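What Swiss-Prot records for 1-33 is signal peptide, and it gives sequence analysis as the kind of evidence. The topological domain 'Extracellular' feature in Swiss-Prot is assigned to 34-255, 304-314, 452-464. The transmembrane segment feature in Swiss-Prot is assigned to 256-277, 283-303, 315-335, 431-451. What Swiss-Prot records for 278-282, 336-430 is topological domain 'Cytoplasmic', and it gives experimental evidence as the kind of evidence. The feature site 'Important for obstruction of the ion pore in the closed conformation' is assigned by Swiss-Prot to 294.
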């Protein structure tokens, strides 16, 4: 009996310790579960659960697959705007491109933060819009000191993707009013592979295009108003979403005023100095005329060096052509003055030749009339003898006229002739002193009114 009682005691003790151990294990599990509920999930575990291999997320498939298209809201912040080249017709810009869309697969509630800023390397793990710049000629990413990219995920599944880019974009220019022109350069954002059934781009409602404070351009004034438009593209492969922004750039002509207009104006005025130089100073006037013509030609060539070879006439071409015409006309004016002033020599030479011919002709005529007078006398005597004298008289009581001898004006002396032609040449110089500046002033009035006022207003009306 003692042995049985001892055995029962051992069995009851065993069950007691087993129950105690079981209770301790249950308490430990409850404590661990309570701790797990109170302690947040680690970021690594959360990301693995959200977009890891075990999450079932596939970056190759767009959100809302086989459903409504994904709406991507775009925003651009311009850091710098410059390097506008007329020869290649493009411009260079540095921007922050920001895209926002909703991916329901990335919505979460397990993590306490409202948003997560992820490393750029995570971009390969999620779906992204296939945006590209339709009028892009060259582009660069920025990797100093690290990739200039931002990825932010919000609780409701919204995704913000920002990237810094330097772009060279084409900008077809109309240079008819150069350098008083206003250019419109566009930036087109388009989907490369997704049609509008899958993806739609749209501008952000508030401040879709922002410009860095204090941004200035060396030759242009970037206007505050920017046109935001939709430019949906239709190709053989489908209809693709496209949005664009138009930048209006008004050229500041201060550089061209100093480098082109004022120097050419001074060259034209310098060519008028020859009108005040004595006409006998041929070397001085010819040298001045040729120098101004060559300088004007060089100036005209320089104005076209930085411009493309276009088929139409630009405003600067008209200015340079008219200035060259005035300078060349001033040189021709001296040629006319010199020609007129030397005409008395030619006239004297012509008179000498004519005088010699006239004297020879007069002698011949004198001898001819002498022979005729002798014959007439003989005839008169013979007719009178037969009573026919009155027949030699004219009818109606008119007497016959003798040979015509017009009254000849005495020719002027060589000095008088020289003075007449020199006065004519001086008169040409005197008229040129007034006519050339007046004609150039009239041209300036028409030129600046047409290009700076009338055409400028037409351009603004077209843009509005």
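Each residue, glycine too, has its Cβ placed from N, Cα and C.
Below 8 angstroms of C-beta separation, residues 334, 337-338, 341, 422, 425-426, 429 of the same chain, each at least six residues beyond the ends of the topological domain 'Cytoplasmic' (278-282), sit close to that stretch. The list of residues near the topological domain 'Extracellular' (304-314) in space but at least 6 beyond its ends in sequence, with Cβ under 8 angstroms from a Cβ of it, reads 86-87, 89, 175-178. Here the transmembrane segment (431-451) has long-range neighbours at 177, 180, 268, 272, 275-276, 315, 318-319, 322, 326, 329-330, 333, meaning same-chain residues at least 6 beyond its ends whose C-beta is under 8 angstroms from one of its own.
The helix, strand and coil residue counts that DSSP assigns across the topological domain 'Extracellular' (304-314) are 2 helix, 0 strand, 9 coil.
Secondary structure by DSSP for the topological domain 'Cytoplasmic' (278-282): 1 helix, 0 strand, 4 coil. When pLDDT is averaged over the topological domain 'Extracellular' (452-464), the result is 67.
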